[in-house]
Amino acid sequence: MEFRYEIEGGNFSRAGHASSAVKKILKQLNVDNKVIKRVVVALYEGEVNVVAHAEKGSMMVDIDEQRIRIRIEDSGPGIPDIDLAMQAGFSTASAAVREMGFGAGMGLPNMKKNTDQMHVTSEVGKGTQVEMITWFRQ
Amino acid sequence: MAEQQFYHALKVNNDLCFGCTHCMNVCPTGAIRIRDGKASIRKNWCIDCGDCMKACPVDAFYIEQDDFDKIYHFKYRVALVPAVMIGQFPSNISESEIFSVMRELGFTHVFQTEHTVDVIHELMLEEARSATDKPLISSFCPAVVRLIQVKFPSLVDQIMHVKPPIDTSAIFFRKKLQDEGIPDEDIGLFYVTPCAAKIAIVKSPVKDRPSPVNGVINMDFLYNKVLHGIKNRSGSSTRSPGDNLPNLGPKHISWSLTNGEAPYMKGRCLAIDEIHNVIDFLERVENDEIQDVDFLELRACDESCAGGVLVVGNRFLTAERLRKRAQLFKDIHGMPDDLVPYRDYMKSRVTVETPEPRSMLMLDTDTGVALQKMEQVRKFMCYLPGIDCGACGSPNCLSLARDIVQREAQLSSCVFIQRTMEKHRKLHGDHAIRIIEKTWGKDRLDKDCTKIGAKDEGS
């Protein structure tokens with residue numbers, strides 16, 4: 001089953017809407033609470049990344065009996081050095097964004113920690129794509 | 001899934017319920033459906049918050065209580081009274097007057113529910129020191145605990161493991177009276193409740209341990225009796241308010257109000273009241289959006305227990321009176337003297353296990369089946385109008401879609417779908433009326449000039 005959510009760049013007040021919606025779906029499917037929690041943490045981080053850095057983005061969610069696959073795509077600045085971005089604490093966020101409680105440099109590392117598989121591709125000046133898979137049963 | 005149901009004190013009086021949508025629309029867990037013209041509550045979804053009772057235009061909801069005469073089954077008749085009981089009286093009626101009249105009504109002892117708050121507070125601080133999963137959530141409000149069980153099952157581990165004051169005080173006073181030489185079977189402890197949720201704790205005791213409370217009396221009932229007693233008497237009561245009424249301090253007096261617990265906990269603590277505010281915040285906690293909060297005081301009612309459905313007085317005035325009283329006794333600190341020797345006895349008896357998650361959201365326990373059902377729900381939503389009028393007897397279109405999938409309703413329950421079916425000659429007008437009568441009761445659409453707002457209202 002597929003779901004699609006649009007993410008608006010720069011609108012922090014709406015950050016979390018897509019992850020909330022996915023959370024509600026997983027609860028209805030009787031997915032284990034701990035798995036839901038991991039998925040939602042990763043999704044929320046991913047959503048905030050798009051809001052913080054990109055002009056716009058979308059989240060495609062595909063769920064079957066075994067797993068959830070999420071693809072987040074954005075049109076934005078892209079990531080010049082993905083390995084560096086994956087390091088805990090590395091951040092390019094502006095002071096204004098940090099003041100709002102975002103931009104601590106934990107986004108991508110936290111997402112990786114909370115998913116079973118994650119793959120990031122990016123093109124500078126165009127955008128970033130993150131694909132994550134989490135299995136319902138470990 | 002429905003092996004063991006919650007106990008509920010909240011009931012519908014079918015003679016009074018005439019079938020409207022007020023309760024169904026306000027229920028925060030979507031637990032109400034209208035069938036055969038009456039509201040019916042889904043037992044596993046209801047959290048006893050009382051919002052339906054507050055919204056009902058014809059007072060068709062009631063809270064089941066014990067017969068007042070039941071107190072006479074016991075030689076020693078103890079009333080356990082929460083602070084909000086006092087708070088709702090006008091300020092010219094004193095606390096001792098209220099307690100005196102309660103003794104005239106037949107109670108041998110009147111005790112205050114918040115008497116044991118210090119024991120609870122100590123246990124909460126201890127638990128907070130060792131907890132890793134933050135924020136911790138107070139276990140004070142039973143409606144909130146149930147809300148988390150049914151709607152936020154992933155957060156049950158964060159609920160604190162301390163019993164609420166009603167339980168702890170009942171355990172303490174029972175033990176104290178026993179130690180004074182009174183046989184256990186002679187002690188009748190009656191809790192004066194401000195809401196439906198607190199009754200549920202009394203009536204559903206944990207495991208094999210019997211409840212320390214013998215019965216429940218609704219606060220509105222006792223308020224009327226006490227006020228009647230005061231108004232119909234010249235002069236003040238001849239009965240003493242009782243010798244076991246130590247003045248409690250500000251912490252005790254305001255514990256059941258909003259910001260009653262939060263100021264006494266360590267770190268970053270928040271107090272949130274009113275069920276929709278609580279739901280909104282828990283939604284964020286569950287998403288891990290809320291960082292660095294240590295403790296959450298969550299209460300189902302606006303103005304916390306002062307806004308309980310059985311509290312007669314205006315909730316703002318009730319809270320004001322208690323805050324003034326707390327100010328008056330601001331120099332009283334610490335545990336009441338008679339509780340001190342029982343500190344260890346109490347602490348070993350007032351902890352509870354983690355409440356089990358009871359998600360009401362799942363479409364099926366089997367993920368594969370649930371996925372199929374969800375596909376069907378989404379398909380039905382393509383046809384349902386999204387008006388959320390409730391005329392089908394479910395609170396909104398999505399609920400109807402889920403009810404259809406769970407075989408508890410049909411697509412033709414929707415009045416707009418009926419019109420479309422009639423237009424395409426797939427449904428006869430008479431049949432449509434029969435469907436509506438199935439939801440709203442027979443002859444529900446007949447002319448009736450006695451309904452609220454109509455020509456002969458009330459006659």
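Along the chain as shown, residues are numbered 1 onward.
Glycine is treated like the rest: Cβ placed from N, Cα and C.
Nobody curates TrEMBL annotations by hand; they come from automatic prediction.
Positions annotated as domain '4Fe-4S ferredoxin-type' by TrEMBL: B:8-37 (among others). Panel annotation: around the domain '4Fe-4S ferredoxin-type' (B:8-37), residues 43, 45-65, 147, 150-151, 196, 199-200, 203, 216, 275-276, 279, 360, 390-391, 393-396, 399, 403, 408, 438-442, 444, 451 of the same chain, lying at least six beyond its termini, place a Cβ under 8 Å from a Cβ of the stretch.
Broken down by DSSP into helix, strand and coil, the domain '4Fe-4S ferredoxin-type' (B:38-66) contains 5 helix, 7 strand, 17 coil. Taken from TrEMBL, the feature domain '4Fe-4S ferredoxin-type' applies to B:38-66 (among others).
Marked as domain '4Fe-4S' by TrEMBL: B:372-431.
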| request: By DSSP assignment, list the helix, strand and coil residue numbers for the domain '4Fe-4S ferredoxin-type' (B:8-37), in that order. | output: 5 helix, 7 strand, 18 coil
| task | Kindly report the helix/strand/coil residue split of the domain '4Fe-4S' (B:372-431) according to DSSP, in that order. | result | 36 helix, 0 strand, 24 coil
| said: I'm checking region-level scores; what's the whole-number mean pLDDT for the domain '4Fe-4S ferredoxin-type' (B:38-66)? | reply: 93
